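K.L.:
Structure provided below as structure tokens; questions to follow.
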Amino acid sequence: MSERFSFELKATDGVARTGVISTPRGAICTPAFMPVGTAGTVKAMMPESVRETGADILLGNTYHLMLRPGADRIERLGGLHRFMNWPRPILTDSGGFQVMSLAGLRKLTEHGVTFKSHIDGSKHELTPERSMEVQRLLGSDIVMCFDECPALPATEAAVAESMRLSMRWAARSKDAFGDRPGHALFGIMQGGVTRDLREESAEALREIGFDGYAIGGLAVGEGQAAMFGVLDYATGFLPEDRPRYLMGVGKPDDIVGAVKRGVDMMDCVLPSRSGRTGQVFTRRGVVNIKNARHADDPRPLDELCGCPACRNYSRAYLHHVFRSHEIISSMLLTWHNLHYFQEIMAGMRDAIAEGRFAAWEEEFHATRAIGDIEPV
Ligand SMILES: [Zn+2]
């Protein structure tokens, strides 16, 4: 196993890429989808089961873990991998995004952000230095720079000011991260939907130098067309030989469109969260298992899917346990959704390696367009 963090590009097809990120805790085949293990668990899933869906890496949330159970406690207990029984790579976010979306009474200065916990109202501070320390205590393999996420809607001037603050914080993050062989630090490009700001941000990050580069500030309500519009040029501002991570994306067609535009890594709560609300992603589009049409349906969700929910249970059963609020409903639907997302990633990796991504993408969209099977 590799002792250092590295990225090897294996093949490209158009702008789409496939490769392998090597870390001391295992390899990550790209393009990669990272399930979100917010508070030390991918909700409703055992870590072994998450691995069975095909995930090489999980995302952990710094904000949640530092507040509860606390980064020092996790460190004393052997680090996040041991604590949550996931021996493979973990990427942690910086905490910045969730401070903006969850915490109360925030105060933002050049130094950092002070805020009150949404759990118990206790006061905390996150700075680039503190975020690096917390992510080190957690034992994260891929550490994210601490950045600022402007509240939307924002003027271009406000987006520019916020981006420049994030670039100053990126430099402080790099200094505080130091030299940690086997661990990676990713910079985060900001700049909203303005091409010049995206370019300026990418240049600032390349100047500092990172192991990988994230594209932040998208998937925050701008819509798919605007997001793809930014990705059309933004990935080209980043170094070819480093992984590119699009944060917080997305729906299956968002993921495919991002990979088409040169993205290597993504994360999203969507497959797991939707699994708990009865929303199922299939090759033929979205199925709402709570709908009455499934009550007498003996067929699987997707007859071609190899996940336990599809192999061993009928739509009628999945409908029943969802309507009855049984815990197995969240377990099975989350498993299916994560399995389907990883199947998309594996399909894209193979297609890119074999130079047939365009044909794969066409079939992906054509199958979705057919829609769900007819009711019984
Ligand atoms: Zn399935």
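Using N, Cα and C of the backbone, Cβ positions are placed for all residues, glycine too.
As annotated by TrEMBL, domain 'tRNA-guanine(15) transglycosylase-like' applies to 14-368. The active site, proton acceptor feature in TrEMBL is assigned to Asp93. Under the heading substrate binding site, TrEMBL lists Asp93, Ser94, Gly95, Gly96, Phe97, Asp147, Gln190, Gly217. If you look up TrEMBL, you'll see 248-254 marked as region 'RNA binding'. Summarising the annotation, TrEMBL assigns active site, nucleophile to Asp267. Residues or ranges marked as Zn(2+) binding site in TrEMBL: Cys305, Cys307, Cys310, His336.
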K.L.:
Given a Cβ distance threshold of under 8 angstroms, which distant residues of the chain, six or more beyond its ends, lie next to the region 'RNA binding' (248-254)?
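P.N.:
For the region 'RNA binding' (248-254), the list is 97, 218-220, 224, 227, 263, 266-268, 270, 281, 340-341, 344, 364-365, 368.
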K.L.:
Anything from the binding-site residues Gly95, Cys305, Cys307, Cys310, His336 with its Cβ under 6 A from ligand 1? List those in sequence order.
P.N.:
Cys305, Cys307, Cys310, His336
K.L.:
Report the same-chain neighbours of His336 (Zn(2+) binding site): residues 6+ apart in sequence with Cβ closer than 8 Å to its Cβ, ordered by sequence.
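P.N.:
In sequence order, the residues whose Cβ lies under 8 Å from that of His336 (Zn(2+) binding site) (at least 6 apart) are Gly275, Val280, Leu301, Asp302, Cys305, Cys307, Ala309, Cys310.
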K.L.:
If you run through the region 'RNA binding' (248-254) with DSSP, how many residues end up as helix, strand and coil?
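P.N.:
Reading the DSSP string over the region 'RNA binding' (248-254) gives 3 helix, 0 strand, 4 coil.
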K.L.:
Over the region 'RNA binding' (248-254), what is the model's mean pLDDT?
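P.N.:
Computed over the region 'RNA binding' (248-254), the mean pLDDT is 97 on the 0 to 100 scale.
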K.L.:
Tell me whether Phe97 (substrate binding site) sits in a helix, a strand or coil according to DSSP.
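P.N.:
Its secondary structure by DSSP: helix.
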K.L.:
Mind checking which of Asp93, Asp267 has the fewest other CB atoms within 10 A of its CB? They're the active-site residues.
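P.N.:
Among the active-site residues Asp93, Asp267, the lowest count of other Cβ atoms within 10 Å belongs to Asp267.
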K.L.:
For the Zn(2+) site given as Cys305, Cys307, Cys310, His336, which other residues of the same chain have their Cβ within 8 Å of the site's Cβ centre?
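P.N.:
The surrounding set, listed in chain order, is Pro300, Leu301, Asp302, Gly306, Pro308, Ala309, Arg311, Trp335, His339, Tyr340.
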